[in-house]
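Colleague: In case it helps, TrEMBL gives these features for our protein:
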type: TRANSMEM; residues: 12-30; note: transmembrane segment
type: DOMAIN; residues: 13-149; note: domain 'EamA'
type: TRANSMEM; residues: 42-62; note: transmembrane segment
type: TRANSMEM; residues: 77-97; note: transmembrane segment
type: TRANSMEM; residues: 104-126; note: transmembrane segment
type: TRANSMEM; residues: 132-150; note: transmembrane segment
type: TRANSMEM; residues: 170-189; note: transmembrane segment
type: TRANSMEM; residues: 201-222; note: transmembrane segment
type: TRANSMEM; residues: 234-251; note: transmembrane segment
Amino acid sequence: MATLSSTPWEWAWVPIVLCAAFGRTVRNAAQRSLTEQAGTLPATLVRFLYGLPCALAWLLLLEHLSGGAMPGVTPVWAGWLTLGAVAQLSATALLLMAIRHCNFVVAVTYSKTEPVQVALFSLLFLGELPGQYSILGMLIAMAGVALLTFPRREQRAAMAGSWLGRSTLYGLGAGALFALMAVGYRAAALHQPHVTPWLNGAWGVLWAQAIQSVLLGGYLLATNRPGLLVILRVWRFSTMVGTVGALATIGELTSLALHGATDVRTLGLIEVLFSYLVSRRFLREKLGAIEGWGIALVTSGLVVVCAQW
């Protein structure tokens, strides 16, 4: 496997991941109103389709500033990038199926096993073995996420059977697909070793979101044209959501070009903490003991991951 050339900006993956996670939190919050108006899949298309102008503008800006040529498209690079794009789309679809057909909380909890699966896939496909502190931080942070998503006492009886049913399969499947997404994007970046991580991330986002827009847009054109019309009518708001989403994705792919997928996706778990705190702020609910321990564990795990750098 090729390796990216060293860069004095390698440390930048940490703030980039944090900003990307915050951007995803903002995008998801804004996307809720679109979901109510247009439906889940059309609202999902917004993050890809309406993010394309931002991705293109960022790519052209970087190309102008660097004064270099655009990266090339090789079969191997295209294959890895397509794997990442399709895996991301499929993982989202699995979680949507969990909303409709089984327990969403259980599915989401299991989907957060993604960092472990990223570590396994990175070792299998890329030969990248995470360090001992990466593994320790990952396990601590995942324990915290499990506590944050742990159901309340009054919900546990109703959910008891869900932990061994389809919810588990959907969650583990989504986690595996998100892991393949990260490994696919990381591998694509590694196959452009002479391209800067910044240009690598921009180039990858443009192509990935174009692929996702064609696939999901074509499906909706055949099955849900009214939903497409809704997101076209509210194009101003859709553009805002898509732009924020594109910036978050640019950050994610840039960080994967700078650093290993296991650390990047583990640090990305801070999105769970951001989302939890935002929802608590709006719902004005008090923090329970379990949630407090969850926040402490997530924070501690992420500090361990970052401290080694």
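For all residues, glycine too, the Cβ spot is worked out from N, Cα and C.
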Colleague: Out of 12-30, 77-97, 132-150, 170-189, 201-222, what stretch is closest in contact terms to the transmembrane segment (42-62), meaning most Cβ pairs under 8 angstroms?
Modeller: 201-222
Colleague: Can you give me the average pLDDT across the domain 'EamA' (13-149), rounded to a whole number?
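Modeller: That stretch averages a pLDDT of 87.
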Colleague: By DSSP, what is the split of the domain 'EamA' (13-149) into helix, strand and coil residues?
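Modeller: Taking each residue of the domain 'EamA' (13-149) in turn, the totals are 116 helix, 0 strand, 21 coil.
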